[in-house]
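Data first, discussion second: the structure below is written as structure tokens.
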Amino acid sequence: MSGLGIMVLTLLLLVFMEASHQDAGEKQATQRDAINVRRRRSLARRTVTEECEEDCEDEEKHCCNTNNGPSCARLCFG
């Protein structure tokens, strides 16, 4: 194979490797964004009203926001 053919194949290989590397970076950024969204949603679910906090404080528990509305519990998950 001529020197020019080897150079062309090398160039194609480098282009392919660079494109593959960029795809991996985009995938990693997408995964990182998805994790950040999950964290924000988790914190939003913990938003509770002062009334709930006062009611649970009497029972020495924390006010947790669930699908069915606020409730008192020793630990909040989610």
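Any Cβ shown, glycine's included, is placed from N, Cα and C.
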Whichever of Cys72, Cys76 is disulfide-bonded to Cys56 when Swiss-Prot is consulted: Cys72
Residue among the disulfide-bonded residues Cys52, Cys63, Cys64, Cys72 whose Cβ has the most other Cβ atoms within 10 Å: Cys63
Those disulfide-bonded residues listed as Cys56, Cys76, and which of them has the most Cβ atoms within 10 Å of its own Cβ: Cys56
Those disulfide-bonded residues of Cys63, Cys72, Cys76 having Cα within 10 angstroms of Cys52 (disulfide bond): Cys63, Cys72
